[in-house]
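First comes the structure, then the notes that go with it.
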Amino acid sequence: MRTMVLLFFMLLAVYESAQQQTLEDKVQNLVDLTSRQSIVKFNMDKWKTLVRMQPRNYSMIVMFTALSPGVQCPICKPAYDEFMIVANSHRYTSSEGDRRKVFFGIVDYEDAPQIFQQMNLNTAPILYHFGPKLGAKKRPEQMDFQRQGFDADAIGRFVADQTEVHVRVIRPPNYTAPVVIALFVALLLGMLYMKRNSLDFLFNRTVWGFVCLAITFIFMSGQMWNHIRGPPFMITNPNTKEPSFIHGSTQFQLIAETYIVGLLYALIAIGFICVNEAADQSNSKDRKNAGKKLNPLSLLNIPTNTLAIAGLVCICVFFSFLLSVFRSKYRGYPYSFLFA
């Protein structure tokens, strides 16, 4: 009897030793793979061994994507770029202990369609967190791109919430903006040099008014956010395949969305200009001097009442559209006017 008990404990010790050795081998394999590049590109064998098979004392952040041009996934490449920023930041800024707790990987549909079938996935991109104790049949935690966005900061917050490992996101320098600014300044200086004998346009109030309005609309629409984050022009709903020009999250936006918001602000401004011009025309008692006003609205010779009504319609309609855009991005937004 004692021999049987002793043999049982010996076998148990050998099993635990082999299991521990297997775990150490898996972690070391991942460390070796991520020492050459920040992410692990999974095939079926690596997927079964490193992600789905126990034992595992580390977390895997895996993006399922389709980067092949034939798949026609417009947001896969931007989402992959943001994912790589987080993975590279984790590789170069996290401590050695944190780098052994969290690993980043990618499954491309072209390279491993069997993994997509195993996970019952027919859309991309999708980001999953496979925790240390997640079983082979349990569903991993998924990041909600529609609500949270897929920029690097949002992915970093998802990683921190799931793993308690905080990744300091560091973006690579973007030299596009400085080059564009330098070219614009050079063009402006060249124009000033060519017109050095006639600089009257610098004192034209209409020109400066248009310049100020253009700058205001650009910044109010969120165009600078686009230059910093580089979002896609639009996205396609993976379920309905319908294009979406406004992202349904306050943490992300699309390029088309900034154009829409900027246009709405411009139309609202035109409405206020019409109302203001109508008030000036109605209050002006000197018709001779009023006829000398050199602005487009006075030159069109539009009746005062028509101008005022057109301005009010522009303000009411397009301001209502603007509020509806805000409500579509934030469901708890309390204000609306003509449209829900």
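Note: Cβ is positioned from N, Cα and C throughout, glycine not excepted.
In Swiss-Prot this protein carries:
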- Cys73-Cys76: disulfide bond (DISULFID)
- 33-164: domain 'Thioredoxin' (DOMAIN)
- 1-20: signal peptide (SIGNAL)
- 174-194: transmembrane segment (TRANSMEM)
- 206-226: transmembrane segment (TRANSMEM)
- 255-275: transmembrane segment (TRANSMEM)
- 306-326: transmembrane segment (TRANSMEM)
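When Cβ-Cβ distances below 8 Å are used as the criterion, the transmembrane segment (206-226) is approached by residues 253, 255, 257-259, 261-262, 265-266, 269, 295 of the same chain, each at least six residues removed from its ends. Counted with DSSP, the domain 'Thioredoxin' (33-164) comes out as 60 helix, 24 strand, 48 coil.
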